[in-house]
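All remarks here apply to the structure that follows.
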Amino acid sequence: MKIAILSRDGTLYSCKRLLDAANKRGHVVEILDPLSCYMNISPAASSIHYKGRHLPHFDAVIPRIGSQMTFYGTAALRQFEMLGSYPLNESVAITRARDKLRSLQLLARQGIDLPMTGIAHSPDDTSDLIAMVGGAPLVVKLVEGTQGIGVVLAETRQAAESVIDAFRGLNAHILVQEYIEEAKGRDIRCLVVGNEVVAAIERQAKDGDFRSNLHRGGVARIADITEREREIAITAAQTLGLDIAGVDILRANRGPLVMEVNASPGLEGIEKTTGVDIAGKMISWIERHATPGYYLKTGG
């Protein structure tokens with residue numbers, strides 16, 4: 001097959017692993033910067049061009065689209081879909097997952113347990129917003145934040161009010177969430193491929209921090225997950241329409257709670273910790289599901 005990887009940086013670990021895994025299986029792979037793609041949109045002659053050339057048809061596209069380029073990155077992916085390429089995560093699913101409010105609403109409607117969560121833009125009554133999620137301590141997040149950026153633990157009501165007021169001054173959407181103290185700065189990252197959790201790690205925040213993101217200095221070890229956690233991770237990914245997902249779960253006293261579903265999970269930390277060939281499993285999924293011309297038949 002001919003496969004395109006959409007990424008701004010082909011030197012990243014995840015891209016190199018996917019490239020290597022696909023090449024080992026005999027596929028032809030090209031890494032494309034989605035921001036350098038430009039498109040002709042017309043009923044009879046739609047096409048994609050890249051750095052002065054008309055791109056050929058790709059059997060499959062692997063989107064590795066960063067959060068800051070979601071709009072144009074998914075637009076480029078959508079064009080590939082309309083031209084008949086199979087996407088490893090559809091553009092609509094990526095957009096859905098990147099919208100934190102929308103994704104939480106869909107997960108809640110599906111009956112998936114979440115931390116108590118409130119969202120606001122300019123709350124007239126900060127005290128009521130805080131009370132709505134059970135009071136302090138609580139976590140205040142910028143809806144657009146990623147990798148632990150724009151996330152603050154407010155241990156008292158006064159601190160929570162100050163953080164919310166400060167974030168409100170940024171003209172940003174604010175997400176307020178109960179703090180799961182018993183998690184002790186740990187979470188579980190489940191890597192879902194299709195209808196299977198292929199690997200899972202427990203991430204522990206560094207001393208003095210509650211954010212377990214590996215980008216923030218957290219450490220990881222192999223996680224032994226329960227059948228319930230496995231079911232929740234798969235259901236969360238399927239609820240958002242994702243074939244590939246990193247599902248973050250907190251272990252609370254009342255049971256596992258989904259924190260977030262990542263549509264473009266990094267492979268480095270989880271592959272190096274578990275030794276699982278996740279990139280190979282992703283390519284294998286493409287081989288089993290990339291039906292030629294599927295999106296041409298369905299309209300994308």
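The backbone N, Cα and C atoms fix where each Cβ goes, and this holds for glycine too.
Swiss-Prot lists Lys141, Glu178, Tyr179, Asp187, Arg211, Ser212, Asn213 with the feature ATP binding site. Annotation source Swiss-Prot lists Mn(2+) 1 binding site at Asp248, Glu260, citing sequence analysis. Among the features that Swiss-Prot reports, Mg(2+) 1 binding site is placed at Asp248, Glu260. Annotation comment: Swiss-Prot describes Glu260, Asn262 as Mg(2+) 2 binding site, evidence class sequence analysis. Swiss-Prot lists Glu260, Asn262 with the feature Mn(2+) 2 binding site, giving sequence analysis as the kind of evidence. Feature annotation from Swiss-Prot assigns domain 'ATP-grasp' to 104-287; the stated evidence is sequence analysis.
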Stretch-averaged pLDDT - the domain 'ATP-grasp' (104-287):
88
Just how many other Cβ atoms lie inside 10 Å of the Cβ on Lys141 (ATP binding site)?
23
In whole Å, note down how far the CA of Glu260 (Mn(2+) 1 binding site) lies from the CA of Tyr179 (ATP binding site).
14
Nearest of the binding-site residues (Asp248, Glu260, Asn262) to Lys141 (ATP binding site) - Cα to Cα:
Glu260
